[in-house]
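Some notes on the structure that comes next.
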Number of protein chains: 2
Amino acid sequence: MKIAEPTVERLVQYHRLLEQLYNEGQKVVSSQEIGEMLAFKASQVRKDLSYFGEIGKRGVGYHVEKLYRHIDGILASPRKWPIALIGVGRLGEALLGHKAFKSPKFDIKALFDVNPEKVGRKIAGISCYHVDDISDVMRKNGIEVVILTVPSSVAQECVDKIVQAGTVKGILNFSPLSIVAPDSVLIYSVDISVELEKLLFYLKHREER
Amino acid sequence: MKIAEPTVERLVQYHRLLEQLYNEGQKVVSSQEIGEMLAFKASQVRKDLSYFGEIGKRGVGYHVEKLYRHIDGILASPRKWPIALIGVGRLGEALLGHKAFKSPKFDIKALFDVNPEKVGRKIAGISCYHVDDISDVMRKNGIEVVILTVPSSVAQECVDKIVQAGTVKGILNFSPLSIVAPDSVLIYSVDISVELEKLLFYLKHREER
């Protein structure tokens with residue numbers, strides 16, 4: 001089963017919404033309601049959920065808790081992911097403070113930077129190492145996932161060190177430059193400039209119509 | 001012409017890559033090369049570029065400068081967008097320092113927060129107002145685009161104030177909760193938790209295969 005990226009994106013969004021509804025005590029939800037809350041078509045919601053094996057009852061909808069647990073199982077991690085963050089600048093620090101990193105799915109084991117005021121210290125309770133020690137520290141800690149928040153100019157250099165470690169399976173890249181790695185390392189890029197450009201393009205496009 | 005989101009995403013990536021190649025003095029580039037650098041199929045590159053009216057020469061490729069200027073024209077802003085950022089916390093400050101915001105396409109005219117140490121001051125040269133004054137300040141400055149980096153608990157409340165201002169056409173939302181606005185306001189969400197979840201899901205999926 002190969003799942004397309006937009007489907008995974010929607011799956012994660014269903015999961016989050018259902019968690020919210022479940023915590024609020026809602027018992028059932030219709031595809032129309034889900035669609036409205038997430039700005040998807042109801043038909044898309046039904047198609048996605050039936051693809052993952054859940055079919056709502058006509059006129060009733062989906063059982064919130066059951067659907068939540070079902071999607072939770074699909075997204076569940078088989079184990080805690082050992083993670084490192086490289087680049088403890090403003091963006092790196094903002095991410096460290098982000099609720100996403102409080103998830104039980106992963107464990108931030110190491111930070112890396114070049115700033116002498118940061119290297120050798122603990123930041124948010126996590127040891128910060130020099131980027132020169134990436135390969136060593138990654139191997140010692142069995143780091144599998146890296147969050148990369150370094151300036152573009154050093155991004156590829158860091159990736160090369162990460163690849164050299166041999167333990168890393170995925171990189172979440174926030175650097176605005178294209179980076180390359182062998183197929184064994186999955187790169188997933190979030191580029192804030194690209195997101196802004198996309199929004200502006202849509203706004204321009206709307207005005208032109 | 002309705003352009004699908006993944007196409008816009010790729011278009012922005014072509015643009016960035018071509019700018020880089022152009023600045024490096026490269027004269028021609030093939031669809032294979034573009035594909036390799038961006039991890040797209042060469043056939044996808046050819047399809048996308050021909051859709052936007054550019055056809056490469058067989059055995060030669062695309063003229064870098066010409067292609068760059070062509071895509072630049074498609075993405076060009078008709079004018080500078082007046083922008084505001086709401087929520088000058090760690091993420092907000094990281095974004096303010098991000099190179100994306102140094103683009104001539106937009107002009108950050110106002111910041112908003114609730115922190116008395118920030119309200120009434122200038123941060124990175126931009127005036128910071130209280131969130132209670134969102135509608136007023138937005139109207140006075142004709143703000144059209146908002147970057148939203150507030151905690152989830154107050155995101156919808158801020159959106160309601162933004163909508164009330166009546167000048168805002170688009171919101172780039174970094175808050176991890178679903179927010180709603182009338183159709184006249186385009187919401188584009190970047191959720192760091194979702195991006196991480198997606199990466200982990202792909203890694204899990206890879207291991208299972």
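FYI, residue positions are counted from 1 along the chain as it appears here.
Just so it is clear, glycine is given a Cβ too, placed from its N, Cα and C backbone atoms.
Here's what TrEMBL has on this protein:
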| type | residues | note |
| --- | --- | --- |
| DNA_BIND | A:13-52 | DNA-binding region |
| DOMAIN | A:77-178 | domain 'CoA-binding' |
| BINDING | A:G87, A:V88, A:G89, A:R90, A:L91, A:G92 | NAD(+) binding site |
Are there residues at least 6 beyond the ends of the DNA-binding region (A:13-52) whose Cβ is under 8 Å from a Cβ of it, and what are they? 7, 60-65, 67-68, 70-72, 74-75
Write out how many residues of the DNA-binding region (A:13-52) are helix, how many strand and how many coil, based on DSSP. 29 helix, 2 strand, 9 coil
Candidate with the highest Cβ count within 10 Å, taken from the binding-site residues A:R90, A:G92: A:G92
Across the domain 'CoA-binding' (A:77-178), what does the mean pLDDT come to, as a whole number? 91
Least crowded of the binding-site residues A:G87, A:G89, counting other Cβ atoms within 10 Å of each Cβ, is A:G89
If you count the other CB atoms within 10 A of the CB of A:V88 (NAD(+) binding site), including all protein chains displayed, you should get 24
Identify, in sequence order, the binding-site residues in A:G87, A:V88, A:R90, A:L91 that approach chain B with a C-beta to C-beta distance under 8 Å; the answer is 'none' if none do. A:R90, A:L91
State the count of C-beta atoms found within 10 angstroms of the C-beta of A:L91 (NAD(+) binding site), not counting that atom itself. 22
Which residue counts does DSSP give the domain 'CoA-binding' (A:77-178) for helix, strand and coil? 36 helix, 29 strand, 37 coil
